[in-house]
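A.B. asks: Marked as domain 'Formyl transferase N-terminal' by TrEMBL: 6-184. The N(1)-(5-phospho-beta-D-ribosyl)glycinamide binding site annotation in TrEMBL covers 15, 16, 17. What TrEMBL records for 67, 92, 93, 94, 95, 109 is (6R)-10-formyltetrahydrofolate binding site. According to TrEMBL, the feature active site, proton donor maps to 111. The site 'Raises pKa of active site His' annotation in TrEMBL covers 147.
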Ligand SMILES: Nc1nc2c(c(=O)[nH]1)N[C@@H](CN(C=O)c1ccc(C(=O)N[C@@H](CCC(=O)O)C(=O)O)cc1)CN2
Ligand SMILES: NCC(=O)N[C@@H]1O[C@H](COP(=O)([O-])[O-])[C@@H](O)[C@H]1O
């Protein structure tokens with residue numbers, strides 16, 4: 001079996017996607033979560049990592065620190081883990097252009113909307129306010145432009161009239177927990193790459209709305 005894919009997960013909160021990725025890195029997947037980095041000391045995802053005996057680090061923003069200064073500290077910690085893949089899983093900081101440019105093609109994110117709809121924050125409330133009938137999640141490569149990287153895989157969920165942010169986000173979470181580990185598996189098997197700002201799976205260019213099996 002080829003070298004195991006070293007996966008580093010960045011979080012800010014609960015870590016349910018982290019948990020899905022930990023659970024997905026079983027014996028059949030050539031990947032291992034080698035570390036978890038949080039920008040919040042109280043992130044429950046750190047507890048999840050401890051339970052799985054995964055090394056953790058915290059990089060907490062300092063007052064009057066520029067985005068670039070924070071990212072330099074973050075980069076120093078990241079390099080200790082020598083990751084093959086960096087997974088943003090609810091990591092709630094916008095990363096500087098210089099930082100992201102160093103990890104093009106090896107950094108992915110899960111975003112709680114059907115990109116390119118609703119880049120940014122508060123996506124569930126925006127979908128409810130717009131009376132959308134469908135919503136979902138997008139796993140994409142990370143580029144400097146926020147939530148604009150090539151989409152790899154999307155999952156759709158229905159939106160009901162009686163939905164609240166809580167009920168809708170829960171439905172989206174369920175789908176994220178299914179698709180994110182699959183994308184990590186594809187990357188670990190070297191089936192998934194980014195080239196010229198496009199995502200490719202098994203050599204086939206992935207469309208704007210992610211991989212769609214025939
Ligand atoms: N350069 C990039 N950085 C990040 C990307 C990206 O695509 N390019 N993805 C985001 C993840 N994300 C949505 O999926 C996201 C995270 C955070 C924010 C944001 O506005 N953060 C604020 C602080 C918000 C808070 O503390 O609650 C900020 O950083 O000023 C938007 C989208 C990760 N980074
Ligand atoms: N814009 C970034 C963003 O909103 N990301 C979202 O944060 C949640 C983290 O949940 P988790 O901590 O339980 O994995 C996920 O739903 C993810 O899509």
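Don't overthink the numbers, they just go from 1 along the chain as shown.
Placement of Cβ uses the backbone N, Cα and C atoms for every residue, glycine included.
What you see is a predicted model, and the numbers here were worked out from it, not measured in a lab.
For each listed feature, how buried is it and what is near it?
C.D. replies: Within the same chain, residues at least 6 positions away in sequence whose Cβ sits under 8 Å from that of residue 15 (N(1)-(5-phospho-beta-D-ribosyl)glycinamide binding site) are 36, 43, 44, 45, 46, 47, 48, 49, 89, 90.
Around the Cβ of residue 94 ((6R)-10-formyltetrahydrofolate binding site), the same chain contributes 67, 146, each under 8 angstroms and 6 or more positions distant in sequence.
Sequence-distant contacts of residue 111 (active site, proton donor), defined as residues of its own chain at least six apart whose C-beta falls under 8 angstroms from its C-beta, comprise 119, 123, 137, 138, 139, 140, 147.
Residue 147 (site 'Raises pKa of active site His') falls within neither a helix nor a strand when secondary structure is assigned with DSSP, and so counts as coil.
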A.B. asks: Of 16, 17, 109, the binding-site residues given in the record, which has the fewest other CB atoms within 10 A of its CB?
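C.D. replies: If we count Cβ atoms within 10 Å for the binding-site residues 16, 17, 109, the smallest count is at 16.
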A.B. asks: In the same chain, which residues outside the set 15, 16, 17 have their CB within 8 A of the centroid of the CB atoms that define the N(1)-(5-phospho-beta-D-ribosyl)glycinamide site?
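C.D. replies: Near the N(1)-(5-phospho-beta-D-ribosyl)glycinamide site, the remaining chain residues are 11, 13, 14, 18, 19, 20, 21, 45, 48, 89, 90, 173, 177.
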A.B. asks: Check each residue in the chain of residue 93 ((6R)-10-formyltetrahydrofolate binding site) that is at least six apart in sequence and keep those whose C-beta is under 8 Å from its C-beta; list them in sequence order.
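C.D. replies: Set apart from residue 93 ((6R)-10-formyltetrahydrofolate binding site) by at least 6 residues yet with Cβ under 8 Å, we have 12, 39, 61, 70.
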A.B. asks: Check the binding-site residues 15, 16, 67, 93, 94 for any whose Cβ is under 6 angstroms from an atom of ligand 1, and report them in sequence order.
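C.D. replies: Once distances to ligand 1 are taken from each Cβ, 93, 94 fall under 6 Å.
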A.B. asks: Can you see whether DSSP assigns residue 92 ((6R)-10-formyltetrahydrofolate binding site) to helix, strand or coil?
C.D. replies: coil
